[in-house]
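A short write-up of the structure that comes next.
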């Protein structure tokens with residue numbers, strides 16, 4: 001199922017190439033279909049959403065918006081232990097994201113000049129929440145909470161109906177607890193387009209976030225610029241670094257927790273200890289028997305799993321920085337000392353008792369993370385994802401007079417005489 | 001050349017529609033050509049860059065990288081007044097952007113849990129600087145300085161040769177003063193691709209920034225994901241708000257300083273005073289005669305210029321927020337009071353003595369700003385554009401035990417049993 005290789009330069013390059021290939025090109029056929037849907041929703045609003053909902057989902061709800069009453073019912077009927085678990089998660093996620101808040105600033109100078117930067121939340125944000133088995137309440141929290149903390153005035157959500165025609169009640173509970181303002185029962189590219197342009201039912205948003213299938217992801221790409229979007233997430237990944245002090249039981253469990261997401265997911269172990277490598281493979285074979293998603297895990301590990309034995313610590317660090325994984329676990333004797341060495345990773349999990357699902361659900365940092373090596377330049381979703389900035393300048397006549405010659409000189413260097421004129425005309 | 005209309009709902013909607021149409025679709029032919037260039041540069045490196053440079057620029061430099069000596073020569077031979085003006089601009093731009101720096105944070109809890117967010121500069125950034133008449137030294141400063149302050153380790157730059165085969169010396173001066181590390185004499189889509197993939201001459205970067213023609217802009221769009229990019233800038237815009245205290249001479253000059261950029265640029269005046277509207281139009285007709293780019297200004301004002309008389313202050317503010325302009329000038333009796341009311345604007349210029357060119361070159365805030373109404377959700381280029389974040393989590397065994405039940409419950413709700421297993425296996 002999963003092979004042990006020694007780091008030798010070649011194996012890693014092949015692995016990297018295989019991983020990077022997972023996030024393929026946009027499918028042309030999908031792109032054409034989605035373009036058509038977007039155009040129709042732009043022109044015909046709800047009517048087009050209704051048409052495509054009937055076409056793809058088989059039927060269409062009478063009314064798209066879910067009543068406050070139905071949301072309250074979901075909350076009343078929810079298992080109290082689940083509500084309490086969500087509330088604990090919300091507390092932790094809020095505490096972490098509160099630390100990310102940036103402040104507006106204003107500088108005044110002695111000559112009367114005032115300058116600054118104003119930061120505020122976007123006016124309205126739309127969260128896409130998939131239906132079916134990929135309906136994750138934790139994803140609602142991770143998208144809604146940073147938006148709320150950023151000061152977004154209104155958070156709306158779209159989610160497709162379940163087979164029975166109703167919304168997934170766990171999703172409604174998560175949305176109610178996280179402070180989502182309005183929920184619409186619709187999915188697919190038509191729902192994304194509805195949020196981007198606004199329809200009779202759905203208000204126009206400034207940014208669309210949240211995961212979705214290939215149609216939704218393509219719609220988001222095509223709508224980028226009409227609205228802002230979050231990253232287009234690729235298949236999920238974990239990289240585990242382990243020395244001889246690591247516990248193979250934990251290593252195996254954590255690799256499989258990633259692999260169960262999807263046959264395209266990637267789980268890689270780097271270790272300096274060949275024995276740990278062998279024991280981890282044995283543990284995978286042992287533990288997998290008890291897991292409900294055994295088949296997906298097997299496929300994922302066979303295609304994109306790897307166990308690589310490294311010569312030393314530095315080789316593990318170099319490989320980790322090269323792979324730039326979404327999730328990075330460090331199970332070594334001195335995990336905290338790695339913080340400054342790991343340059344490219346979405347989220348870093350340090351020590352034996354910080355498994356990735358802790359971060360997926362609970363600890364506080366966001367679980368929407370850059371994938372496919374993009375941690376080299378992208379960052380986790382956060383409060384910054386939901387703000388906009390404006391700069392402002394106030395100059396006095398004297399201050400502008402002082403700057404007059406320099407500005408005119410630069411403007412003339414750039415052959416922009418009307419720029420120079422706008423300074424000169426004032427004196 | 002430019003007409004005065006009264007705000008009545010209809011005129012503004014038509015104006016908005018016209019403005020939004022300027023940033024059209026990607027041209028399919030251009031897109032196909034650029035795709036081909038990207039593929040070849042990815043596969044053949046310098047050899048492909050050389051081929052396309054010869055094809056498009058007529059000849060190709062012997063060596064792409066510009067020697068340190070040539071850069072130093074440009075600096076030695078530069079007009080001292082220009083160097084001094086650039087140094088003053090650099091001081092102001094650095095002071096403003098230094099205020100944007102975010103700090104890493106770390107939180108420790110009494111139960112031993114450690115969590116935080118690490119912020120650092122990207123490893124390597126590439127700046128595209130156009131050649132010809134659009135070679136703007138100020139643009140080098142606005143792209144390089146925030147990258148430097150963000151802690152980017154290496155800043156490289158590409159710029160196409162002038163007709164004589166050499167680099168524009170003003171650009172070299174700006175690059176040397178702003179701390180650009182290496183400069184390569186190449187342009188077009190091939191230069192963007194060289195930075196994205198790396199070639200024998202050009203090192204691979206993490207992010208490409210800077211303006212360019214349609215080929216460069218298309219290349220950046222297609223390379224997004226391989227590297228990060230800045231916004232794709234649309235045609236430039238200014239919106240000026242004026243009450244009866246404004247000076248029509250200044251209003252006219254500022255509108256034309258925007259209009260001279262390009263026939264697609266847009267300059268709009270909103271005023272509560274009909275007399276100011278009439279006088280401004282007269283001033284435009286008077287001042288335009290002395291400007292070298294008269295023809296561009298005439299075209300731009302005729303197509304995308306407007307003077308709109310508003311009933312009151314609130315109507316001006318509402319229209320400004322709807323238009324979400326790149327540059328917004330406020331020339332009213334009490335300009336500072338507008339800061340909190342103007343929700344969507346890249347940069348706001350307050351008062352009679354804060355004309356837009358002051359911000360383009362000198363005051364400190366960045367001149368790379370969201371265009372085409374995207375100030376609703378995009379922000380000016382800044383230090384945040386050149387950083388990456390990672391979160392980190394360290395839990396103790398006791399802390400994880402405490403969280404055990406909640407995490408397992410949420411994982412099982414999401415039917416992710418391997419996630420639950422990774423917690424359970426530790427106890």
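Note that Cβ sites are derived from N, Cα and C of the backbone, with glycine treated the same way.
Bear in mind that TrEMBL entries carry predicted annotations, made automatically and left uncurated.
Pulled from TrEMBL, these are the features on record:
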- B:326: active site, proton acceptor (ACT_SITE)
- B:327: active site, proton acceptor (ACT_SITE)
- B:128, B:190, B:213: NAD(+) binding site (BINDING)
- B:236, B:258, B:261, B:327, B:360, B:414, B:419: substrate binding site (BINDING)
- B:258, B:261, B:360, B:419: Zn(2+) binding site (BINDING)
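A straight line from the CA of residue B:360 (substrate binding site) to the CA of residue B:327 (active site, proton acceptor) spans 10 Å. Listed recorded positions (B:326, B:327, B:419) with a CB under 8 Å from any chain A CB: B:419.
Of all the recorded positions listed here (B:190, B:213, B:326, B:327), B:326 has the Cα closest to the Cα of residue B:414 (substrate binding site). Note: residue B:261 (substrate binding site) has non-local neighbours B:235, B:236, B:296, B:300, i.e. same-chain residues 6+ apart with C-beta under 8 A of its own C-beta. Only B:258, of the binding-site residues B:128, B:190, B:213, B:258, B:419, have a C-alpha within 10 angstroms of the C-alpha of residue B:327 (active site, proton acceptor).
The Cβ neighbour count for residue B:360 (substrate binding site), using a 10 Å radius over every protein chain in view, is 27. Spacing of residue B:419 (substrate binding site) relative to residue B:213 (NAD(+) binding site) is 49 Å (Cα to Cα, whole number). Within 10 Å of the C-beta of residue B:326 (active site, proton acceptor) there are 29 other C-beta atoms, taking all protein chains into account. Ranking the recorded positions B:128, B:190, B:213, B:326 by the distance of their Cα atoms from the Cα of residue B:258 (substrate binding site) places B:326 first. Taking every protein chain shown into account, B:190, B:213, B:236, B:258 are the binding-site residues, and of these the Cβ with the most other Cβ atoms within 10 Å belongs to B:258. For the recorded site, residue B:236 (substrate binding site), the DSSP three-state label reads coil. Across the structure, residue B:326 (active site, proton acceptor) and residue B:190 (NAD(+) binding site) are spaced 29 Å apart at their Cα atoms. Look at the recorded positions B:128, B:327, B:414, B:419 and count other Cβ atoms within 10 Å of each Cβ; B:414 has the fewest.
The maximal spread of the NAD(+) binding site, taken as the longest Cα to Cα distance among B:128, B:190, B:213, is 13 Å.
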